[in-house]
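Enquirer: Below you'll find the structure I mean.
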Amino acid sequence: MKIVLFLVVCCCVYSSIKATVSYDDKAIIINGRRRILMSGSIHYPRSTPQMWPDLIKKAKDGGLDVIQTYVFWNGHEPSPGKYNFEGRYDLVKFIKLIQEAGLYAHLRVGPYVCAEWNFGGLPVWLKYVPGMSFRTDNEPFKIAMQRFTEKIVNMMKSENLFEPQGGPIIMSQIENEYGPVEWDIGAPGKAYSKWAAHMADGLKTGVPWIMCKQEDAPDPMIDTCNGFYCEKFTPNKPYKPKMFTELWTGWFTEFGGPIPTRPVEDIAYAVARFIQNNGSFVNYYMYHGGTNFGRTAGGLFITTSYDYDAPIDEYGLLNEPKWGHLRDLHSTIKLVEPALVSAYPTVTYPGKNQEIHVFKPKSGICAAFLSNYDPHFSARMKFGNTQYHLPPWSISILHSCKDEVFNTAKIKAPTTQKKMTPVGKFRWQSYKEEAPSSEESDTLAMIGLYEQLNVTRDASDYLWYLAEVDISPNEHFFTNGQFPLLTVMSAGHALHVFINNQMAGTVWGSLKNPKLTFSQNVKLRAGVNKISLLSVSVGLANVGTHFETYNVGILGPITLKGLNEGTRDLTKQQWSYKVGLNGETLGLHTLDGSSSVEWLQGSIVAQKQPLTWYKTTFNAPKGNEPLAFDMNGMGKGQIWVNGEGLGRYWPANKAHGNCDECSYTGIYNENKCNRYCGDPSQRWYHVPRSWLKPNDNLLVIFEEWGSLPDWITLVKRTI
Ligand SMILES: *[C@@H]1O[C@H](CO)[C@@H](O)[C@H](O)[C@H]1NC(C)=O
Ligand SMILES: *[C@@H]1O[C@H](CO)[C@@H](O)[C@H](O)[C@H]1NC(C)=O
């Protein structure tokens with residue numbers, strides 16, 4: 001307890017002189033005071049600047065002390081040296097709003113972030129810098145990473161945003177979940193970690209750096225834990241605090257998968273269990289998940305919604321009772337914070353699956369945690385002179401070691417139901433996207449098959465592979481009716497096959513298996529046949545050792561089987577390439593671009609044709625409820641409003657999986673409490689209010705499959 005007294009003295013002497021952030025084995029120390037900090041992740045580009053103040057206020061009302069965010073390099077530097085800190089990427093504004101609300105910020109610079117974000121946040125152009133190899137002891141990578149990290153740190157410093165400067169940032173992060181990669185690659189990984197730690201430390205931010213999920217994080221970096229539970233984690237040095245940087249409040253959704261949820265009783269249990277075991281910092285990942293607008297979703301097949309079953313839902317509304325129950329937990333932790341920061345717990349074991357943790361510093365205050373780990377049975381526990389009742393899988397927190405202020409499984413917060421109420425339908429016009437001809441000037445002829453990203457540099461999801469195939473009139477299949485079998489092997493992620501401009505089929509992969517094979521008998525004619533393959537990416541990999549080397553697109557082989565000659569290999573013949581769609585080149589999703597072509601309307605609107613652009617205009621509904629498009633019935637494509645990308649839609653990709661009953665008790669994993677099996681993985685697509693004008697908003701969709709837009713409705717989200 002000597003340490004504590006010393007700190008109290010410290011506090012009086014130094015706090016008036018200079019704001020400081022440091023740490024010891026118990027906690028982060030801000031201005032001489034140890035703190036138990038509750039934090040939540042809100043990623044600024046996953047909402048709009050107009051939403052930020054309300055999200056931050058709801059985080060504060062929910063009892064958070066800190067808001068944590070990643071920094072999204074590929075959003076900030078879309079091409080080398082060309083920076084973007086505007087709009088949703090206005091990082092300084094976001095941090096200043098956190099400060100104005102009286103909260104702290106935890107800035108995870110990365111700059112690799114994972115985050116179900118395209119390419120894990122690294123710019124695609126970075127891959128093509130000569131000699132580049134990501135996240136290892138590689139000079140080009142280290143130079144680029146240092147340059148961007150310095151840029152961000154200097155920007156924060158010049159705005160006085162670090163705590164010692166009077167700002168809100170109390171902590172940063174370098175790299176992200178590097179442990180598993182280092183384990184994989186060995187020595188160069190170790191050298192890189194050391195370099196990253198040293199580089200970051202040298203930037204002299206005046207606040208601690210963390211390295212999450214990295215057991216060997218070099219001093220003075222604090223290694224921290226990410227997971228559903230972290231009570232068993234201990235930092236790598238006895239003088240570092242025990243921190244939980246990502247407590248997963250739910251899980252992401254993939255196209256083709258159901259919607260994961262996590263019961264709040266179990267989240268509160270994970271928090272209480274962590275805190276009673278010396279934990280002093282908990283960050284909810286996510287506190288507000290938000291939306292992967294445009295083409296920012298990454299990791300393959302990640303949905304546009306990044307709701308995450310977070311305490312604040314995708315639309316910015318409270319997800320009750322999750323938000324309220326955690327607020328009650330946070331106010332309880334605040335109540336007992338003086339005891340928690342001043343003593344180690346004394347642990348006793350009153351029965352099987354039962355524990356009592358008592359924090360009783362000399363000052364006379366006292367806090368106790370009574371735990372019942374049994375997943376099936378409730379428990380009666382005697383403590384002091386009182387009997388306490390604990391539901392299964394729950395922890396009670398006692399103020400003054402007497403009053404039960406909170407039990408993780410006893411929810412007092414209200415439950416609310418949300419619904420989507422239709423407020424508008426549309427009259428559509430159409431524009432047909434044609435398969436290009438290899439004669440067009442913007443096609444590129446090459447021998448053989450090329451990896452998709454190498455050709456598109458991710459300027460578009462779409463890459464055409466075009467070839468011509470000569471068929472002799474003497475082929476036997478003309479007489480026996482056995483059309484040849486076309487087989488196309490692709491590294492992913494989706495593929496539309498056209499033969500002589502007629503759609504022959506569509507195939508797609510999944511997050512677990514992005515590779516795909518098209519194999520179908522195709523109707524060919526005598527003479528020249530056009531084979532047009534539209535390969536579609538659905539977000540780039542965000543995780544895995546050297547994920548930058550993962551392939552996308554058609555790498556072959558491509559064969560035609562059942563000709564007189566046997567099987568013809570088309571893999572090494574001439575292929576022409578065209579990046580993107582005509583409609584993208586014309587900017588059909590923008591106001592100017594959309595008026596550059598003739599759209600069909602009325603009775604001649606395109607009927608069930610693949611690759612069709614649809615547009616309409618609409619007025620914003622009155623009120624301020626959040627809005628969304630109900631895309632049920634549509635195939636796959638993208639949506640824009642007034643030129644802003646809402647994201648990829650794919651309601652035809654239905655949720656496969658197991659949606660069995662969900663109990664809050666017992667160890668949770670992301671497959672445990674799934675919902676909406678058999679329904680679209682994502683049906684509703686958020687359109688932020690601030691993107692709308694009162695009248696004449698331009699809504700454009702590009703539909704790949706040929707579904708009719710007649711059922712699309714604008715809906716309000718109401719409680
Ligand atoms: C808390 O930390 C102290 C000091 O490191 C240690 O002795 C004790 O075992 C820890 N208690 C728990 C419950 O983790
Ligand atoms: C990328 O494309 C270029 C031609 O544009 C080619 O020379 C190079 O070999 C390709 N690289 C890979 C890895 O496919």
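Along the chain as shown, residues are numbered 1 onward.
Each Cβ is built from the backbone N, Cα and C atoms, and glycine gets one as well.
Caution: TrEMBL annotation is automatic and unverified by curators.
The feature signal peptide is assigned by TrEMBL to 1-19. Among the features that TrEMBL reports, domain 'Glycoside hydrolase 35 catalytic' is placed at 28-332. Taken from TrEMBL, the feature domain 'Beta-galactosidase beta-sandwich' applies to 356-411. As annotated by TrEMBL, domain 'Beta-galactosidase galactose-binding' applies to 462-529, 611-697.
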Enquirer: Out of 28-332, 462-529, 611-697, which stretch touches the domain 'Beta-galactosidase beta-sandwich' (356-411) the most, going by CB pairs under 8 Å?
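Expert: Between the candidates 28-332, 462-529, 611-697, the best contact partner of the domain 'Beta-galactosidase beta-sandwich' (356-411) is 28-332.
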Enquirer: In the domain 'Beta-galactosidase beta-sandwich' (356-411), how many residues does DSSP assign to helix, to strand and to coil?
Expert: 0 helix, 31 strand, 25 coil
Enquirer: What mean pLDDT score does the domain 'Beta-galactosidase galactose-binding' (611-697) have in the model?
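Expert: That stretch averages a pLDDT of 97.
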